[in-house]
Structure formats: structure tokens, C-alpha cells
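Participant: Not my notes, these are from Swiss-Prot:
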type     : residues : note
MOD_RES  : S15      : phosphoserine
MOD_RES  : S20      : phosphoserine
REGION   : 92-293   : region 'Required for interaction with ZNF385A'
REGION   : 105-229  : region 'Required for interaction with FBXO42'
MOD_RES  : K112     : N6-acetyllysine
MOD_RES  : K112     : N6-lactoyllysine
REGION   : 266-273  : region 'Interaction with DNA'
MOD_RES  : T277     : phosphothreonine
MOD_RES  : K298     : N6-acetyllysine
MOD_RES  : R326     : omega-N-methylarginine
MOD_RES  : R328     : symmetric dimethylarginine
MOD_RES  : R330     : symmetric dimethylarginine
COMPBIAS : 345-357  : compositional bias 'Basic and acidic residues'
REGION   : 352-356  : region 'Interaction with USP7'
COMPBIAS : 358-377  : compositional bias 'Basic residues'
MOD_RES  : K363     : N6,N6-dimethyllysine
MOD_RES  : K366     : N6,N6-dimethyllysine
MOD_RES  : S385     : phosphoserine
Amino acid sequence: MEESQSELGVEPPLSQETFSDLWKLLPENNLLSSELSLAAVNDLLLSPVTNWLDENPDDASRVPAPPAATAPAPAAPAPATSWPLSSFVPSQKTYPGSYDFRLGFLHSGTAKSVTCTYSPALNKLFCQLAKTCPVQLWVSSPPPPGTRVRAMAIYKKSEYMTEVVRRCPHHERSSDYSDGLAPPQHLIRVEGNLRAEYLDDRNTFRHSVVVPYEPPEVGSDCTTIHYNFMCNSSCMGGMNRRPILTIITLEDASGNLLGRNSFEVRVCACPGRDRRTEEENFLKKGQSCPEPPPGSTKRALPTSTSSSPVQKKKPLDGEYFTLQIRGRERFEMFRELNDALELKDAQTARESGENRAHSSHLKSKKGQSPSRHKKPMFKREGPDSD
């Protein structure tokens, strides 16, 4: 068989050759050649890095270290917003001035349906949020041209007077009552007056609204300004149930004071109910009523027989008073009235004394004689009694 293949000149297949024959078939520049040593490989790969470090030794220290796999730190809470305190506390004392400046309010009851009501006994205005509150301005003579009316709110209690009265964060961000004219943090607004200016004092940080003074219309004796209070008295982050005062000042064009007046304000959901409750508590405590300024047009409290408690009659005291009366005829009238009252008191005292003596006499007589209706009881002794 072998002789026949050699004779025909056919070469055996590659799989039948030896390994040494296959090794010799590889090219001479093979990468797997034994002539390529490990040192040559290191020089080929590491020489660029070595040259860069030799040329820039300072940059090697600035090579950033790989970031460490640490847990993310919790976010720090946002700092609480602290509003600046005001170093200026405006006066709240009533000052009529040379123009006899005073305030007036419309008469309104204590029904649940009212949205704004004023209590003369408390000198306090009760109103709902963003509802119309008419305030009347009275003067004895027209002020000079350029006179302005300023409204500013301050806290009533002394421990909060340095804080600026502003709306709560909820109502500041709310767009329900935004008119685009007043800043969102202002509490007091003027309704229906495009000439109103809302001012933020850079020194005192206080908010105020200023409108030009307009003389009364024909047939009217006073000027009326409609104010709105844009936050409830119970709002957290705002007034927070702290009572406030609204100061109304009359100023000339240069800012000089011409008159001042003030009143307390409570912004609530039911003004009529709150006014009735506070007036009843006020009468129970027996506190002295704050006197309105002289010549004020503030309405008097309507007499109510249901809410006011019945006052007990006090006993007569022994004090004497002197009353100066002008005119002889009026003096005789009061003298006769006084004599009649003295006679009545004497008769009352005499009758009470006689009744007291008669009642004591009857009691003593009853104690001495037995009653005629009662029969005397005797003890009978029988034959069986021992």
C-alpha cells in the first residue's frame, strides 16, 4: 500500500506530520518567540508612565484617590425662618390734634350672620377674613392738601410689641385673596382704592398702608375707608391668638402727625358670637370700660335684657354728696325730689321696724301658751299597769 502511494507521488496529510515539523512552519517574528523576554514587556508597557512621573513630580501628589463607598449623609433640616424684630414701637395713645381727629364705626348687632361688628365697650372690632370693614374718619375742619391716612397693626401685649405683625405662611402662599397690588405678607389692605401704597419701612421693618385723605362727599359728615384683614387671629405662624391693635394716623404731606386713634381687632369665623361672649365676660369681671376719646362718634352698646345680668340693689350708705344745680326753679325741683325720697326711706325703715317687733312679739306669745288645737294627753293607769 505504501509503495503504491510513493509511486503515485501523493504527500501524506498534515495531521500525520510531527510536532517539530509544524513548529518550523511558524514565521520567525512570532510574538510567542523565546527571544521576547519579560523585561522587554515591562519596558514596553510601563515606560510612558515612568517618564510622565519623572517630568511632573508635583502632579503625582494631586492624583485623586478613588472615592470610598460610604453611605449618603442625611440632609440637614432647613433653619427656621426668624423675622427681624423692630426697634421702634409706634404710640397708640389717642391724639385728636388741632383737627379733632376721631374714628367712627357703623352700628351692627351680634347676629351670627354679621361679617363685621364693633364693640364700643371693648373698643374692639370683630371681623371675618378678607371681609369689608368700614372705618369712618371724622375731623372738625378740613386738613391741608396732601394729607394722608396711614393704617398699621401692632401687637397689644408688651412682650410682643417688638415683633412685626404679618400674615401666616399659609395665607402668604395662598392665591385665593391675591389682588396683585398688596404684598402677600401685609395684613391690612384697603379695598377699592387704587391709590393705596403698601410700605415696608427699612429701619423698623413694619408694614403699613397709606391712602390720600379725601374730603367727605356732599351730604356726608365723614370720610369712610374700607379695610380688609387678610389673616385670622388664630393662625399658627402669624398672629397665633395674640391680640393686635390697628393704629390710624392722619399725616401731612411731609409725614408730620396731625392726629392718631386706635382700636383692637379680632379676625375670626363668627364675629357676632365672639363679640357677645367677650362682652358678657367683660361685664362679669366688672372691669372698667375704656373711655372713648372726647367727641368720638363710636356707637353705644344696645341694651339687651337677655344677655346682661340682673344687678342686685345695693343697700343705702351713709355718704353725702354735693350737687351744683344752675337755676332756682331746677333747684326747687331737685329739692322736692330729694325730700320725697328721704320721706320714703324713713317710712320704709319705720315699717320694717314695726314688722320686726310684731313678729318677735308673736314668736314669744306662741312660745308661752300652748296651741288651742292640740289636746292635752294624760296617762291612764289601769288595773294591769304596774
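Cβ atoms here come from the backbone N, Cα and C positions, even for glycine.
Set these features in their place in the structure for me.
Facilitator: Annotation for S20 (phosphoserine): no spatial neighbours, criterion Cβ-Cβ under 8 Å with sequence separation of six or more.
Model confidence over the region 'Required for interaction with FBXO42' (105-229) stands at 95, taken as the mean pLDDT rounded to a whole number.
Applying an 8 A CB threshold to same-chain residues 6+ apart, the list for K112 (N6-acetyllysine) reads C270, G272, R273.
The DSSP secondary structure for K112 (N6-acetyllysine) is coil.
Applying DSSP to the region 'Interaction with DNA' (266-273) sorts its residues as follows: 3 helix, 2 strand, 3 coil.
Remark: T277 (phosphothreonine) has no non-local neighbours by Cβ distance under 8 Å and separation of at least 6 in sequence.
The secondary structure of R326 (omega-N-methylarginine), as reduced to three states from DSSP, is coil rather than helix or strand.
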Participant: Across all the protein chains here, work out how many other Cβ atoms are within 10 Å of the Cβ of R330 (symmetric dimethylarginine).
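Facilitator: Its Cβ shell of radius 10 Å holds 10 other Cβ atoms.
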Participant: Is it possible to get the count of other C-beta atoms within 10 angstroms of the C-beta of R328 (symmetric dimethylarginine)?
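Facilitator: Taking all protein chains shown, R328 (symmetric dimethylarginine) has 8 Cβ neighbours within 10 Å.
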Participant: Across all the protein chains here, work out how many other Cβ atoms are within 10 Å of the Cβ of R326 (omega-N-methylarginine).
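Facilitator: Around the Cβ of R326 (omega-N-methylarginine), 6 other Cβ atoms lie within 10 Å.
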